[in-house]
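Here's the structure, in structure tokens; my notes come after.
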């Protein structure tokens with residue numbers, strides 16, 4: 001769990017507390033079972049075999065080599081572990097460590113197609129469950145290769161996915177070797193090692209798409225192609241088309257693989273029946289009244305199929321027309337129940353709907369459409385600009401009738417084909433279509449032109465499409481000649497379907513100023529898509545990209561005054577019909593609104609496929625230059641009186657924190673995955689960090705000088721922070737020797753990142769257990785047990801614990817020396833007189849190794865930490881903590897008077913109570 005306190009210019013800025021990973025499965029008591037056991041499924045594996053060795057193939061070299069690549073996966077998904085082999089066709093892979101993780105698995109992989117690589121697929125959903133079908137736990141990605149489980153140590157019947165720990169991420173050791181000793185369980189021969197990093201899964205989105213009934217939607221590639229080509233459009237107004245429900249959720253791949261079923265749809269239905277996931281529907285009448293809560297969609301129906309895009313964590317539920325009550329509103333919800341093993345604790349429920357389309361009855365024709373005049377059907381999101389292609393036939397002019405009197409909106413438009421290409425593209429701005437002057441909303445593109453427009457009927461003061469279901473299909477017809485009552489000659493007919501718009505959210509991206517010239521037009525979209533610009537709520541660079549996840553804003557931009565997209569955006573979002581702004585909530589004595597102008601909004605780009613807007617802000621000119629550590633909140637809203645308002649519209653905001661190169665790094669934390677490494681070149685080293693994605697880390701290593709080593713060694717390496725906060729690289733430890741200790745520090749940028757490590761196996765963790773947990777403030781004897789070696793001289797130190805440090809500034813208040821007894825026992829006389837009541841941390845340390853426990857001294861502690869009590873008193877005359885107290889805490893921390901933890905405690909009390 002990461003706690004980020006809301007910073008400001010007048011409070012502690014950018015302080016982050018990173019709570020360490022939860023203990024291992026063993027420490028948590030979450031697993032049980034025999035210490036070891038073989039689960040071999042290969043008939044050629046015998047009980048008497050002590051060492052398995054690889055068999056060279058015709059591509060053998062003098063030395064066998066194996067490699068294993070680091071891999072990241074969401075909890076519940078299938079990890080793809082790449083094992084490289086040279087000079088051998090067999091390797092042995094171990095996953096996890098019994099002492100650290102509570103489980104260790106040994107599998108043998110064989111390269112059956114002799115290409116030097118095996119992709120080992122490990123299912124994190126049931127990896128630990130030895131009772132599960134082995135074929136669903138491990139398999140080779142290539143059918144020519146093979147995988148055999150040889151041993152399962154530790155937990156045997158753990159029926160949950162691989163755990164991730166309290167900070168939603170955990171690393172498991174991966175090792176590979178060319179030999180395996182069945183007796184000792186160790187790998188030998190050529191070796192390599194890395195980590196399997198498991199992150200918490202998530203459920204992010206649920207949306208409805210519509211496609212023609214004859215569209216090919218049987219595979220991931222066909223669905224993605226339909227999306228890219230515009231054949232499949234995102235809309236809840238499906239009508240009589242094929243509906244596609246898109247569920248964006250990670251961690252489902254393993255559950256689907258582990259579940260019985262003849263099809264993916266059948267397996268998803270089984271998971272829903274078993275409360276692993278929940279796929280539910282509710283049918284309502286057009287008036288919104290519930291009709292039925294029964295399953296309106298049958299996942300096992302022959303007209304329903306599920307296509308899994310595992311690479312993009314998406315499930316597509318494809319529903320043929322008629323698979324649901326097409327005349328009613330169908331609400332669909334996807335969730336991970338609380339009782340499910342996949343529940344992430346903060347998992348969200350996502351929902352969408354399938355709505356019927358209200359159809360304009362249109363004009364009554366005495367004959368069917370005939371001749372070369374034709375109208376193509378068109379669709380548009382409410383508030384956007386529709387494009388209606390019209391074929392003019394043999395002439396150069398036609399009259400187009402839009403809507404009807406019964407629809408409450410009707411326009412008669414005479415258009416001219418001036419470029420003689422036989423077609424006119426008519427553009428209809430659905431935001432302005434109801435204006436009294438129809439010329440503001442309807443135009444022809446290119447050289448073609450609108451000759452005349454007549455408003456026949458107009459009952460609208462809002463954007464088109466406000467049908468009872470939020471969607472409406474307007475009749476469109478084109479005629480050789482037409483007046484208010486009579487049409488003559490050939491004619492064609494079609495529809496203009498207007499779907500409901502939405503306001504869904506905001507995403508913050510950051511980019512270096514060097515990209516300023518690139519972030520125009522579609523380049524901003526391309527930079528986000530290809531990963532050159534990453535999403536981050538802590539922005540330390542000079543360009544901030546605010547992505548507005550809202551549809552139906554195209555008409556407002558088209559109608560606004562201005563010669564550039566930026567000018568039109570600023571004019572369209574000043575409150576009518578859209579409101580967009582940025583505020584600094586901690587500008588206590590000033591206007592919190594940040595003025596947006598063409599000098600600080602450098603560009604605005606609209607994604608034609610999604611309707612999203614990308615607003616590029618220049619942090620060096622925004623608000624006179626953003627203040628380091630302050631929080632800024634972009635907000636987008638559709639006022640209730642706006643013609644775009646849907647009635648159910650909402651304001652969306654997404655805060656970001658600005659920090660310069662020093663402001664971010666003061667509070668940044670870098671974590672390391674491992675504490676033991678081999679004395680070889682190119683050793684993998686990795687971890688996670690709170691630094692912004694794209695930050696380059698420089699990791700320096702300094703070793704101890706030991707009798708066994710000729711000298712100490714110094715080396716360094718670099719890594720770049722990935723979008724998920726992880727980092728990985730390799731480092732040269734070839735000068736080290738077995739047992740030599742070293743320290744790895746992040747030296748650039750300056751941050752809280754360090755680990756004490758060792759060449760070879762990591763030292764055993766030490767622990768201390770006191771005999772008592774509550775003490776009186778008087779002379780006393782402290783005693784207990786520990787895992788220190790007998791005879792070890794240790795220093796016993798006492799200091800206030802995390803929440804009670806302010807009164808002593810985090811300093812040691814008592815320290816004595818003692819000797820560990822023959823059974824790890826210890827005792828020391830300590831005078832506790834004069835110490836304030838509260839929680840204290842006891843540490844026993846010796847030669848860089850330490851262990852700790854907590855005591856409570858005095859009466860039951862005040863429910864409020866000492867730090868908070870002190871600064872609450874500084875806030876007089878009121879009882880509540882005031883901004884001045886937060887400023888005092890910041891000043892005290894910067895001068896060293898109090899600890900970082902105490903400053904964070906004060907901030908937490910100020911912002912969260």
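Cβ coordinates come from backbone N, Cα and C, glycine included.
Heads up, TrEMBL stuff is auto-annotated, nobody curated it.
As stated in TrEMBL, the feature region 'Disordered' covers range 39-63 out of the listed 14-38, 39-63. Of the listed segments 761-788, 789-816, 817-844, 845-872, TrEMBL assigns region 'Disordered' to 761-788. With a threshold of 8 Å between CB atoms, the same-chain residues lying at least 6 positions outside the compositional bias 'Polar residues' (764-788) that come near it are 794, 796, 820, 823-837, 842, 844, 846, 849-858. Confidence in the domain 'DUF7827' (378-459), given as mean pLDDT, stands at 88. Applying DSSP to the compositional bias 'Polar residues' (764-788) sorts its residues as follows: 0 helix, 13 strand, 12 coil.
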